[in-house]
Amino acid sequence: MLILGIESSCDETGVGIIELSDNGHMEIRADVVASSMEQHARFGGVVPEIASRAHLEAMPQVMKAALEEAGVEKPDAVAATVGPGLAGALLVGASAAKAFASAWGVPFYGVNHLGGHVAVANLEGEELPHSVALLVSGGHTQLLEVEAVGKPMKELGTTLDDAAGEAYDKVSRLLGLGYPGGPVIDKLAAQGKPTIDLPRGLSKAEDLRGPNRHNFSFSGLKTAVARHVEKAEREGTTVQVEDLCASFQEAVADVLTAKAVRACQDTGAKVLLLGGGVAANSRLRALAAKRCESAGIELRVPRFKLCTDNGVMIAAVAAQLIHEGAEPSGLACGTDTQLEVEVPLVAAR
């Protein structure tokens, strides 16, 4: 059975095709992604209207390329991200998916974007057991308890202000490094040393005992970087950009990995899964590996291409649901910018 997945929650237009065997095994047949990142760069972040228009323009070509890559004329089912995400962007992808499903006469499944980031774990090795997922991107920073792929997830913690990826972009803009901030800061950090003392949000003893035990905050860190730059300007000194990037990156990775490992210990999960665009960050991966090894926790990190938004992850979560006998969502299925993590599949109306 062939399942085609469409992802359009932010600035990537992704179409992926997965072949689902009767025993539940999944094989990637196509993975095509078009990004509108360059169009957003001049604005220093994603502009929703530009993202929506870019999806409209890219969808026909991306769809054609995916079908050609898989060597098929049509799939047996179509799935799309219906939330969470940007309203216009979600609407483009979901509408396209439903139109293709209707034209091909195949069922439509409306799935959760965050569930997709978790589902790619089943494509990388053994089936994901009870675990904690740390999903980190420009729009999300969440700790989720996962019983299994395709099942309702439980939010353990989230950011109370900026997402980690958003903090990277803002700091990059502050330092004049451009957009997106993640790759350039990661590169410069490798050339510097984390010698600048920067705050770790919600990491004090009282925070770790209270309701913010698993929550994050990056606004204070961002402000501290800004003050460091302002102080250098006042004093006429040179900002050591490489050291500042290394210090900022260390602070982010420190908090993310410490809280992720603690969440595993609190829930009894023996696996930590990293997902989202920031999961491609070299320091986050290295520190997560070190701390997981010390704590006796298995770390799973998707290959770089599957960390960022893509259609394969949407096809993967739909494939798991189909294998378990889930009913299609139907063409009346709507989108929800704030879709809860407890909803892996939007039910038929």
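Heads up, the Cβ atoms here are built off N, Cα and C, so glycines get one too.
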Out of ASN23, ASN215, ASN281, Swiss-Prot lists as part of the substrate site with LEU135, VAL136, SER137, GLY138, GLY139, ASP169, GLY182, ASP186 the residue ASN281
List the residues of the same chain that sit at least 6 positions away from HIS113 (Fe cation binding site) in sequence and have their Cβ under 8 Å from its Cβ, in sequence order, or write 'none'. GLU7, SER9, THR81, GLY83, PRO84, GLY85, ASP309, ILE314, LEU339
Checking your reading of the structure: which of the binding-site residues SER137, GLY182, ASN281 lie inside a 10 Å Cα sphere centred on HIS117 (Fe cation binding site)? none
Taking every protein chain shown into account, which of the binding-site residues GLY139, GLY182 has the largest tally of Cβ atoms within 10 Å of its Cβ? GLY182
Taking the centroid of the Cβ atoms of HIS113, HIS117, ASP309 as the Fe cation site, which other residues of that chain lie with their Cβ within 8 Å of it, listed in sequence order? GLU7, SER9, THR81, LEU114, GLY116, LEU135, SER137, GLY275, GLY276, ASN310, MET313, ILE314
